[in-house]
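To start, the structure itself, in structure tokens.
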């Protein structure tokens with residue numbers, strides 16, 4: 001178990017290196033630099049000095065080496081824009097992003113899983129058809145469009161909730177972006193749960209349980225739900241990672257001060273250290289969640305043992 | 001094991017009367033195109049105390065549907081099931097619990113029929129708890145006793161199903177079925193998923209347990225070879241109906257229905273080389289059964305009457321041997337003649 005954990009942690013190192021390298025290469029080929037984003041006609045002398053200051057004139061392998069060297073001691077570098085350490089920029093923005101993702105996740109799990117479950121109990125029934133229409137619609141809607149519609153209806157027309165911003169960080173500002181972000185995972189969970197429950201309902205060991213004289217409620221509770229949980233857990237874990245990416249769109253749309261909007265702003269201003277840092281944090285979070293899901297399998301499914 | 005008929009206790013423990021199970025199939029929006037699949041269509045079975053009844057037929061003939069109805073896991077469309085003197089078909093379908101105490105089933109696939117996420121102990125304890133046994137020591141005792149009965153060690157109880165071999169898993173399946181002390185055990189192809197080398201072990205175990213625990217068996221199989229070794233009586237099913245029913249010796253030595261004949265000649269026999277009366281083709285689609293006798297499209301003895309008149313009623317001879325065939329007498333006569341000439 002411990003050796004599995006260590007091995008998995010070591011495996012993340014090449015992944016992280018690859019991501020850093022990719023972003024480095026991308027930014028060395030895109031046109032423009034931090035200087036060109038300040039104004040359209042910057043004095044070439046100023047631009048040169050600025051680039052020298054920031055070390056942008058060095059060859060890419062030197063810059064990459066420097067960056068990795070600092071990264072190894074936990075230094076994410078300094079933002080070109082604000083001259084602030086990237087770590088503290090990200091730290092400030094981590095909480096809003098976590099708030100958003102966890103609220104969206106809670107909404108989608110609490111709604112999607114029961115919805116899929118109820119649908120599976122009577123396949124082909126009215127509830128099932130309605131639930132699956134909701135699910136397919138939810139999966140098909142584009143987030144930026146859905147966000148605008150939600151904003152229009154709940155903020156502008158009904159005036160129930162603020163349309164954008166973080167406010168005091170309370171629930172009021174959080175609800176609309178979280179709803180926007182949560183709709184598609186909710187739909188996915190509904191579909192996955194339905195499929196998982198339907199599959200397990202017809203499993204031989206469920207028939208065995210019934211033949212013991214167990215009541216249907218108990219059969220479903222003990223045999224079906226526990227086995228469906230593994231499949232649902234996998235989907236939820238994967239979606240956590242997916243939400244990190246999707247949050248970029250939603251955060252920007254609702255001017256939510258999270259890592260996603262930091263990333264977008266930094267890209268637009270060619271603030272390479274901030275971009276690197278934000279992407280790295282998202283990637284690390286993604287890897288951590290996958291590892292956690294793998295470990296949870298071992299708890300839920302006795303057939304899986306890590307050695 | 002095969003006692004002469006006179007010695008068997010005549011007390012019936014199970015009687016199935018005119019059982020029919022129909023499933024609605026298909027049906028688009030608003031139930032158009034809905035058809036009825038007659039999985040079981042008018043089956044009569046009797047099981048005496050201490051007896052083993054072999055129920056044979058190929059896949060899709062309705063054997064397992066009969067079994068699931070007896071267990072109360074499928075609601076019959078028609079007919080009556082009397083278990084140990086009580087009519088159980090009139091009860092609400094939620095009354096699984098009472099049924100489970102009388103009749104239990106050993107399932108075909110010992111890999112799929114055990115919940116992979118619970119220990120063997122939990123699998124065996126569950127039925128006891130469902131049926132109100134709460135004393136810790138009693139539960140432990142019964143689990144340990146049952147494991148010994150089926151040839152496993154009590155200390156193996158805390159393992160998971162995947163840690164056992166196929167034969168061991170089927171032993172667990174048997175232990176699970178027997179732990180409630182049922183009177184009837186339905187074995188649904190109990191060895192067909194196992195390696196040939198361990199089939200005999202499991203069959204012997206089942207026979208041994210039948211004697212020690214005083215059980216009655218219904219042995220479901222598509223393989224007459226397995227049934228031959230265990231059964232006192234044999235019922236042959238074809239497309240949802242019983243086509244022949246009788247004492248095992250009668251069935252094996254004087255099969256009256258052409259289908260039974262085909263099944264028997266399909267048993268591999270090292271002494272016989274030429275296949276005798278095998279039958280070609282597949283089971284007809286039960287959604288669209290053939291006109292006339294259901295076996296007529298595959299029957300080498302079929303005549304006009306077989307193809308146009310629905311199969312006759314199951315006709316019981318004085319010796320208890322029953323057969324459903326228009327030409328049974330004729331074929332039997334011809335066979336007798338052939339064997340005199342040949343011998």
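Cβ coordinates come from backbone N, Cα and C, glycine included.
Noted in TrEMBL for the protein shown:
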- A:94-297: domain 'ABC transmembrane type-1' (DOMAIN)
- A:98-121: transmembrane segment (TRANSMEM)
- A:133-154: transmembrane segment (TRANSMEM)
- A:174-191: transmembrane segment (TRANSMEM)
- A:228-249: transmembrane segment (TRANSMEM)
- A:279-300: transmembrane segment (TRANSMEM)
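Stretch with the largest number of CB pairs closer than 8 A to the transmembrane segment (A:133-154), among A:98-121, A:174-191, A:228-249, A:279-300: A:174-191.
Same-chain residues lying 6+ beyond the ends of the transmembrane segment (A:279-300) with a Cβ under 8 Å from its Cβ atoms: 1, 5, 8-9, 12, 15-16, 19-20, 23, 71, 76, 90, 94, 226, 229-230, 233-234, 236-238, 240-241, 244-245, 259, 263, 306.
Residues 99-101, 103-105, 107-109, 111-113, 115-116, 119, 131-132, 134-139, 141, 143, 146-147, 150-151, 154-155, 161-163, 232, 235-236, 239, 242-243, 246-247, 250-251, 253-254, 256 of the same chain lie 6+ residues outside the transmembrane segment (A:174-191) yet bring a C-beta within less than 8 angstroms of a C-beta in it.
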